[in-house]
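In TrEMBL this protein carries:
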| type | residues | note |
| --- | --- | --- |
| DOMAIN | 89-219 | domain 'Nrap protein' |
| DOMAIN | 227-367 | domain 'Nrap protein' |
| DOMAIN | 371-526 | domain 'Nrap protein' |
| DOMAIN | 554-726 | domain 'Nrap protein' |
| DOMAIN | 729-881 | domain 'Nrap protein' |
| DOMAIN | 895-1002 | domain 'Nrap protein' |
Amino acid sequence: MDLKVRELLKEVTLDYSPTLSKHVNDTVSAIKVAIDKIPDDLKVTADEAPGFVRDIGADKVEFKFKKPTSIEIGGSYAIQCIVKPDINVDLFIRLPKECFHEKDYLNYRYHAKRCLYLSIIKKYLKFSSVKVEWSTLQNEARKPVLLVYPATELVGLPGFFVRIIPTTNSLFTIKKLNLKRSNIRALTHGGIPQATPKYNSSILEDMFLEDTSELIKRTFLGWKELGEASILLKVWARQRSSIYVHDCLNGFLISVILSYLASQNKIANSMRTMQIFRVTLNFIATAKIWNNGLYFRREGQKGIPQEERVSYKEAFPIVICDPSAPFNMSFRISRIGFVQLQDEAALTLKCIEKCRDGGFEEIFMTKVDFAAKYDYCIRLDLKGKSEVHASGFCLDDECWRLYEQKVHSLLNQGLNNRAKLIRVTWRNTLSDCSIENGFSILDREPLLVGVSVSSMENAFRVADIGPNAENKEEALKFRKFWGEKAELRRFKDGTIAESTVWESEHWNRHLILKRIAEYVLLRHLSLSKENIVHIVDQLDFSLLHGVRDPISFSGSLLEALEVLSKHLRLIQDIPLKVSSVQPLDPAFRFTSVFPPEPHPLAIVKGDVPRLQKLMPSCIQPLEVMIQLEGSGNWPMDDIAIEKTKTAFLLKIGESLQNSCGMTCTATEDDVDVFMSGYVFRLKIWHERGLSLLKREDGSDQFKWVSSIDKELFVRSQHSSMINGLQGRYPLYGPVVRIAKRWVASHLFSSCLVEEAVELLVAHLFLQPLPFNAPCSRITGFLRFLRLLSEYDWTFSALVVDINEDLSPKDEKEISNNFMLTRKGYEENKQNGSAAMFLATAYDKASEAWTRFSPNVSELKRLVAYARSSANLLNKLILQDQIDSYKWECLLRTPLNNYDAVILLHRDKLPYPQRLLFPSELNQGKHVAQGNASKVFQPFMSPGDFKGSLEELKNKLLVNFDPLRFFVGDLEKEFSNMFKVWYDSLGGDAIGITWDRFSSKKRGREEGEDPVDVLKSVGQFGKGFVRSVYSLKSPRLMN
């Protein structure tokens, strides 16, 4: 890890070269020249920033302009701890006392004059060649700052600016800004003036900003490791948008905390950079002293009295104080912001302890942003909502901060123990805003709410039990809060209590949190439904079959499997009894995108059912593996073993038919059993048929020996492990289903098999650091996309240890197998195999699911699509997008990314309802068109309902999928000419990308025309293919 940290520090540390120094000095000089041009005694009135003065509620703001007392560079540049790519220099401009009166600490006069002073500087800077913008200090609208961009941009310093921050020195008597003083006359409660600790701290901050900067500078001077630790902490914090924010951490506070630890000898000069980093995180996460406050102690200095310390703790949740600068440097940190900070620090310490390479990737390279961190995100659009500032924009605190607290309090009470943590942040400053015009435009950005779920059991709970009916006072409060949702109920234990009930079908319970939050916000805030956007169910449409989620039928499916298992074990008239029954299909482990619905015809016996509207003519078989009792009489030959298994299956089918009345159909390879609305396809696994890997003679390569029993064994191991994982993480199934839908909708069905997707998602739950395991569909899906797009597939194996049973020896074997595949890849860059290495306890050589695909070019395409989708999803979560079409774009694949496109007849797909978006193309060359076949219809017609139930069952098409057969034919016939991309879950478009076209291609006649090839493709799919379009010609290869 040390090597990686060194490389990271090289990458993010600014080169303080003479060229940079000159650039900074030139910019500062330009600012000084502009300020020098401002005439002394220039009369400054509220007209310079009328909106600001009006909204802040200040009076008596006129003054005569005087030059700054001093102009000094401070901040990270002064201690050489700037972190790229955000390169800026803080310039402290000390405001002269002559511009202020002794009582300007009252009623926002100081803040108004501070802004007016900057307005004059901005006006004169505009006459020079620099660009000037408004910003704020830590998102505090009442404390604007100026951003000055130099006229010429230095190469390697994009976006560089100087931030002008006003300071003062001994401007007001400190006692007048005591925490218990009331300095805003309008702030009263029942006629009694209220203390203004935050307002007072806001002024004190400017008075002691230079002193605290000097304190930090003295600590950091000549201590290289401390500076590097500061840089690493900034990199760490910037990756975590929930803590690098106005009410939590910033670069200044990181430096203050490090200075405190140094002053208390918690860190020493002998420590290495990463040791300081770790000690600091451990201190943030676990130190009990936070409860009392951090107070610097210095020799020869009088400490802060105990009475004053009590006042600080009463006013602020977190206190950091230095006797030389008697104000709380952390006055902006909120209680919940600090809880979040401690949580992130604790998770990071876990990464160091548990993750590979000391957690370098997880700590410094992984983006822990709002969208990926929280299980549920809510956006409140508050544009033009006067309720936010009804009591005024700025009292002791700003109205936006008070609204954050109000929303947090409501949701905290409403969600109760369903939520582990609720984070509310509202960014109010915009780069293009004009502070002079006031605060009314600072509500453009949405207010963001992030909710981390405590547990799935709590989150999906249907009822909340309130206070006992006998507790009149609490019951009244409960009813006042919940209104019509509150009801008195008698529970099973005889208790009569207030409660709220959120009735919901099981497959819809992930929406309970949304319903609670929406109800509470609508009841207690002046909002309409249009103002509230919950990010929770926007992708549910992709899993629906009609109007409901087919996962709702899983209960009946598992019951049917249980009945079948009992019948199989009770069979007596076969030589070897059935010893075990194991389901293999993804539907049994809740990871099938479309688990089958019970079909009215797939029943044991009964009357012919009435024709339902849209009764499917196709039915999916569900594979079930059975194992027989052990015996030494099995043949040794592979073919003979398979024939013996077929004989057993036929006898089992015959027995089920005779004893239980079940309909069974047989083929050479398996037996299908019709019962309870499903078709179960039986497979026998025999241990002796399990072939092992064999090393080819004289070769380092392993040879994969194909075996039905080996495949069954691997599938059973996989199914068993995934089933166990689903039991531990109920949300695993829905995330996998959305991930599979995304893979298929972008035509990657031939590249990434279902089991590989299940393992990728399993990794997110088993090794979630630096996050907690996902507890919502969209968060889990976003992390899946980022895993696909950001993982280092070329140089790293992805090990999925589901049962935590991999020993060091197993891990070494996996590592050796991985290195062996990469050695082959290096020797032959065109080698398409093993681009993605997925290792498990049952497959240490990654041969089961990714041995042949995705190859290098397929993986490159997959990564690009995942990156694009992740970026879009991130925008949809955080920005003001409520258009359903934008969400659909996550699953709409651009057909112009293919060289040719085949469009299919939608009414010839076996399950037309699964089609997400009908495909149309209005570009390229239309080379073929075909009519739909009349032989197959996806739904039964009244004419089909003639005859007995058994005759109707024979009309059911089991495992019929024309798309699969068509793609198989294309890959067999044209494998040397193009690559086929398709959607196995119901898409009506097939993409084609040409291989390098050559007249000397194997088996092809010289001069074959690509258009003729595409016409041949149309002929292959006659009756199924609607149109074929050529978009790009193939590249020729000699």
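For all residues, glycine too, the Cβ spot is worked out from N, Cα and C.
Counting C-beta pairs under 8 angstroms (sequence separation of 6 or more), the domain 'Nrap protein' (895-1002) reaches the domain 'Nrap protein' (554-726) with 3 or more such pairs. Looking just at the domain 'Nrap protein' (371-526), the mean pLDDT is 92. Secondary structure by DSSP for the domain 'Nrap protein' (895-1002): 31 helix, 24 strand, 53 coil. Residue counts of the domain 'Nrap protein' (89-219) by helix, strand and coil are 47 helix, 34 strand, 50 coil (DSSP-based).
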